[in-house]
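Per TrEMBL, the feature Zn(2+) 1 binding site maps to A:His22, A:His24, A:Lys141, A:Asp268. Residues or ranges marked as Zn(2+) 2 binding site in TrEMBL: A:Lys141, A:His175, A:His201. Positions annotated as N6-carboxylysine by TrEMBL: A:Lys141.
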Amino acid sequence: MTRVNTVLGTISAHELGFVAIHEHIGYGMPGSELDSRWWKTPEERYDETVPKLRQFHENAKPWGAATFVDATGICNGRDVDYYKSLSAKTEVHIVASTGFVGGDTALPFFERASVEYLTDQFVHEIDVGIGTSGAKAGIIKVGVSRGFKMKELDKRIYRAAARASKVTGAPIFTHLAVDCEPALAIFAEEGLPCHRVLFGHADDGVSQGRINEQAILAAGGRIGFDTFGYDLELPDPPFWGRPRQERLDHLLRYLQGGLVDQVLVSADANCSPLGWPGVKGHTVNYLFEQLIPDLHGAGIDDATIDRIFAQLAAEFLTLQPISAQ
Amino acid sequence: MCLKHSRGAAEPVPPFTSLFLDRPADREATVGTVNTVLGAVEASQLGVTLLSEALMYVLPGAEYAFDIRIDRAEVFDRLAARLAEFKAAGGGTIVDATGMFQGRDLRLYEALSRATGVHIVATSGQGPENMLGGYFLTPQTNPPTPWPAQKFAEMFGREVNEGMVVPRLERRAPAGMICTAVSLEGMTATDGSLVRGAARAGATYGVPVFIRCGSDALAELQLAIEESMRPDRVVIAGLDRRDAVAKGWPLAVAQAGACVGIDHVGSTDPFYVSDAERVALVLDLIGAGHADRIVLSSSATGVAFGEPGNDLPFATVLTTFVPMLEQAGVSRDLIDQILITNPARLLSVGGEA
Ligand SMILES: [Zn+2]
């Protein structure tokens, strides 16, 4: 039996269909909720979000279903009751995350917390539920604070995530793949096999030259090509953008080099950003509208595309507790 | 204007800052009225006012903790009981000095004020740096430059000029005061931006600025004055800290024309002086001619989540400290000045009660 936690309940991995492994319904740095320049009415939020999810559902029909993994984490505007309503009305499976985007998005209460407390927080959100929503998290978010170097709090969160992953079987995905050595050391110390970890944003523009891809691959980790669509060709690209062809070539080197099983792919788009302008025109549907045609154009076959977006993602999301020796 | 009480403080430069912030809104709140959660109230109606209390205190992030449940009905009952006790002891107004990011719940405070008849003033501002969300410290820009004073001034100023925020939803009543704090270990660059931003907004929109001092109260006050904030519109709080008293900050702050926040009445934490020492401090300030610069409060936490609160009733100042002051020979008139007149003057928008 396979089990995956979605916001509307635990489902079989066979039901997931096409998986976008790192996306956001809406992301905002903690505190952005105080700045009214970003506010939108609930009408505007649904209006910006529902059509994108409905289109995602349509686009994913050949795979049977659409699954949207929300990478927002605690303190960044994660709103699980809202996700539940979106999922119920659009039929898109939404997987919510526990954990934090990075130490610099963990508010003082969590900044002061021990590894043990953070572990309990993550385990509770996966096994019991998030707040009073009743929805269980399906994946654990961790990340590197700004500055390309893991801070002490980042490491504490990684360690707690490793422990929670072993107990609950939920996978981990990271914000940034830079400075991976301390992360790999923590996972080794905690006895978490690295195929349970997706080292995210390995494809973004600002991280290039700062990622030890060989170390991640050697440890069995998964490489996240999960900022597809943040192209420098956009009229107003974000600072982490990258030339489209360069990112595609980067992925193709993996696919053509026999490393398909160690990559996962997503767009990291916001349906309706919470504390920043977002990037106009960039949605999860880039995967269908731009990337898959680009992959076809480069000679990548449908079996490989299915393997990345359906089989590998489903295998990754399936809860796999690791019993203590 | 009102520098007649100040000794040794530099005359502040004219308030040029208003050029960079929105114009003050034409609202019913005029000189002599106070911004409460239920709207403008005549300053003369406040009665005994405690300037530094916490109704609901939430350590930022605690609202997401898996093992913390905030039962609003229970919180309401507990706070209502504490406010009723304060009123029965002769209290009139509570200022929730937690600022905008440590549990402020405007709808709850409005209902509490209606139910108990106690005036509640809610505050804008935040700080010190380690209490801020990442939005202000590591923004999504390259490089992630922390917010400068002007952006804090705009955000705090709008809370006075347009109303305080219910995050992502709406604005409600205007803020009555702006609170910030400086790190105890010393002022960080962002602490400095917070103090400057608070002062810039306070000077433009006429509300007092309340600064929980860090490692150098006078330097922190100076920052506010440099932003055109009249010293008599500034409260330097935490001056009943043992180290603050030892360094002579209370008298120095009063001499500079600012208000002296003796705001841990009833606390038995050794970080602060005892109530007996507080009485001596009040007598010293009165003796030096600064009765009009003394502010008393107890920093009681009505309810606290995420870290232990204290169990002090809001009535502490009235029930335990006032008798001690009387015993020490402080006249009823002076006590009224400290508990009624001083906070009313401070909270009056524009500053003249
Ligand atoms: Zn993301």
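Cβ from N, Cα, C; glycine included.
The structure, with features from TrEMBL marked on it.
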residue: A:His22; record: Zn(2+) 1 binding site; DSSP class: strand
residue: A:Lys141; record: Zn(2+) 1 binding site; DSSP class: strand
residue: A:His175; record: Zn(2+) 2 binding site; DSSP class: strand
residue: A:His201; record: Zn(2+) 2 binding site; DSSP class: coil
residue: A:Asp268; record: Zn(2+) 1 binding site; DSSP class: coil
Revision key, fill the gap. A:His201 (Zn(2+) 2 binding site) sits from A:His22 (Zn(2+) 1 binding site) (Cα to Cα, rounded, in Å) at a distance of 9
Point to revise | Between A:His24 (Zn(2+) 1 binding site) and A:His175 (Zn(2+) 2 binding site), the C-alpha gap once rounded to whole angstrom | key: 13
Practice item. Taking the recorded Zn(2+) 1 site as A:His22, A:His24, A:Lys141, A:Asp268, identify the other residues of that chain whose CB atom sits within 8 Å of the mean position of the site's CB atoms, giving them in sequence order. Key: A:Glu23, A:Tyr27, A:Val69, A:Asp70, A:Ala71, A:Thr72, A:Ser97, A:Phe173, A:His175, A:Gly200, A:Asp226, A:Ser266
Exercise for review: Could you list, ordered by sequence, which of these binding-site residues: A:Lys141, A:His201, A:Asp268, have a Cβ under 6 Å from ligand 1?
Suggested key: A:Asp268
**Study point:** Listed in sequence order, residues with CB under 8 A of A:His175 (Zn(2+) 2 binding site) and six or more positions away
**Key:** A:Ala71, A:Val101, A:Gly102, A:Lys141, A:Val142, A:Gly143, A:Val144, A:Gly200, A:His201
Practice item. List the other residues in this chain whose Cβ sits within 8 Å of the Cβ centroid of the Zn(2+) 2 site residues A:Lys141, A:His175, A:His201, in sequence order. Key: A:His22, A:Ala71, A:Val101, A:Gly102, A:Val142, A:Gly143, A:Phe173, A:Thr174, A:Leu176, A:Gly200
Review point. Under a criterion of Cβ-Cβ distance under 8 Å and sequence separation of at least 6, what residues of the same chain contact A:Asp268 (Zn(2+) 1 binding site)?
Key: A:His22, A:Glu23, A:His24, A:Ala71, A:His201, A:Asp226, A:Thr227, A:Phe228, A:Gly229, A:Tyr230
Revision key, fill the gap. For A:His22 (Zn(2+) 1 binding site), the number of neighbouring Cβ atoms whose distance to its own Cβ is within 10 Å equals 30
Check your understanding: Taking the binding-site residues one at a time (A:His24, A:Lys141, A:His201), which has its Cβ surrounded by the most other Cβ atoms within 10 Å?
Key -> A:Lys141
